[in-house]
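Engineer: My questions will all concern the structure given below.
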Amino acid sequence: MKINGTHHRTIWPDPANKEEICILDQRLLPHRIVIEKLRDPEDAITAISDMYVRGAGLIGATAGFGMYLAALKAPESGFSSFMNQYSDALGNSRPTARNLKWAIERVNREIDKVQTVGEKREKAFATGCEIADEDALFCRKIGEHGVALIAEISRRKNGEPVNILTHCNAGWLAFVDYGSATAPIYAARDAGIDIHVWVDETRPWNQGARLTAWELQQEGIPNTLICDNTGGHLMQHGLVDMVLVGSDRTTHTGDVANKIGTYLKAVAARDNGIPFYAALPSSTFDWNIDNGFDIPIEQRSENEVTQVMGLDATGAMSNVTLCAPGTKAANYGFDITPSRLVSGLITERGVVDANRDAIHKLYPEGAGTGKSEFQA
Ligand SMILES: CSC[C@H]1O[C@H](OP(=O)(O)O)[C@H](O)[C@@H]1O
């Protein structure tokens, strides 16, 4: 989507050298727009683990291109063992988003279909590009399906602005383009529907404050940044019409793993009779886990809680410590919203109830399959 009026994706092969993969380094946004180049397979692992890139869809796309960079480096003799070792290392770079291993499995499946190392390298590149293009397409389709939910609320409000609360960043910065939770928002804007977004700051990494507020501003979407604890109050006072979030992994039974704090928003939404939707492409479904509480929950550095990065008075990027030395912190990255609290899932194939029967009806291919079985 747009940065200063110009269209961007979050990841793309360098037009001048396809053996280099460009990414927006999101650690410095919104204050610094820095493009980094991934040249080695290790670069992709670092980009994911250190959150240069983040968000389920973008993690998956980075993994896809990471597998390509590995194929370029893999020796002719020992290609497969090199790729297997890299698949494991890349797959362990972050534990929660399903898209990561989904992308790795898909590239490995595709390169197994061709024989020579040269063909495998070309196939890995083509699959990396396909994953990225599909991510953007599926997110746009999520918007096409989700906009109807917003339009219905707008009709009920006689055109008054629809107030949507979102948590973390499930915007185009979390995918290749369009985003998941933001796609219906962008589609509503394009349809001329008046909307306003309450943006949870989303401690501790502040994806909402740093990324969502900025990307919505760049797209001309009215939005208000709020502290994470404000949403319940707004809901109690009729100031939220819909909660719309993303997902890092959703079980085929409808349990949603998303950024820490999402569950609390779902509880408050249910208590106030407000619809709570999760938006996700099919690459985020986990066909093998029945119970969301079996999804691995990432725990990150305490420093992300006790310290914060921002722009200081001199305009320099600065990291400051909030707490007394020796303060102990816990940093759980995600939580689980049980399907019973989810009004529906917005996918590239349509809006579906958050239950096994409905999800399997929409995706009859079911468990253990990847894009080659999922046609948009
Ligand atoms: C649906 S992708 C965006 C998703 O990813 C975020 O986590 P992180 O920024 O740590 O990768 C958050 O859970 C968003 O909802």
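Placed from the backbone N, Cα and C atoms, the Cβ positions cover glycine too.
Taken from TrEMBL, the feature active site, proton donor applies to Asp248. As annotated by TrEMBL, substrate binding site applies to Arg54, Gly55, Ala56, Arg94, Gln207, Asn258, Lys259. As annotated by TrEMBL, site 'Transition state stabilizer' applies to Cys168.
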Engineer: Do any of the recorded positions Arg94, Cys168, Asp248 touch ligand 1, in the sense that the CB is under 6 Å from one of its atoms?
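Structural biologist: The recorded positions passing the 6 Å Cβ test are Cys168, Asp248.
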Engineer: Taking the centroid of the Cβ atoms of Arg54, Gly55, Ala56, Arg94, Gln207, Asn258, Lys259 (substrate site), which other same-chain residues have Cβ within 8 Å of it?
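Structural biologist: Everything else in range on the chain: Ile59, Thr96, Ala97, Cys168, Asn169, Ala170, Ala174, Gly246, Asp248, Gly333, Phe334.
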Engineer: Taking the residues Arg54, Gly55, Ala56, Arg94, Gln207, Asn258, Lys259 listed for substrate, what is the greatest CA to CA distance in Å, to the nearest whole number?
Structural biologist: 17
Engineer: List the same-chain residues at least 6 positions away in sequence whose Cβ sits under 8 Å from the Cβ of Arg54 (substrate binding site), in sequence order, or say none.
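Structural biologist: Arg54 (substrate binding site) has long-range Cβ partners Gln26, Ile48, Ala174, Trp205, Gln207.
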Engineer: Specify the count of other C-beta atoms within 10 Å of the C-beta of Asn258 (substrate binding site).
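Structural biologist: Looking across every protein chain shown, the total is 29.
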Engineer: Taking the Cβ of Cys168 (site 'Transition state stabilizer') as the reference point, list residues of the same chain whose Cβ is under 8 angstroms away and which are at least six residues distant in sequence.
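Structural biologist: Within the chain, Cys168 (site 'Transition state stabilizer') has Cβ neighbours under 8 Å at Ala174, Asp200, Thr202, Gln207, Gly208, Thr212, Val245, Gly246, Asn258, Lys259, Gly261, Thr262.
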Engineer: Please give me the binding-site residues out of Gly55, Ala56, Arg94 that lie within 10 Å of the residue listed as 'active site, proton donor', comparing Cα atoms only.
Structural biologist: Gly55, Ala56
Engineer: Can you name the residues of this chain that are 6 or more positions from Gly55 (substrate binding site) yet have a C-beta less than 8 Å from its C-beta?
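Structural biologist: Listed in sequence order, they are Ala97, Asn169, Ala170, Leu173, Ala174, Phe175, Gly246.
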Engineer: Who sits close to Ala56 (substrate binding site): which same-chain residues at least 6 apart have their Cβ under 8 Å from its Cβ?
Structural biologist: Ala97, Arg98, Asn99, Ala174, Phe175, Ser180, Gly246, Ser247, Asp248, Arg249, Leu280, Ser283, Thr284
Engineer: Let me make sure I understand the structure: which of the recorded positions listed (Arg94, Gln207, Asp248, Lys259) has the fewest other Cβ atoms within 10 A of its Cβ?
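Structural biologist: Per-residue Cβ counts within 10 Å for the recorded positions Arg94, Gln207, Asp248, Lys259 bottom out at Arg94.
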Engineer: Using DSSP, would you call Arg94 (substrate binding site) helix, strand or coil?
Structural biologist: coil
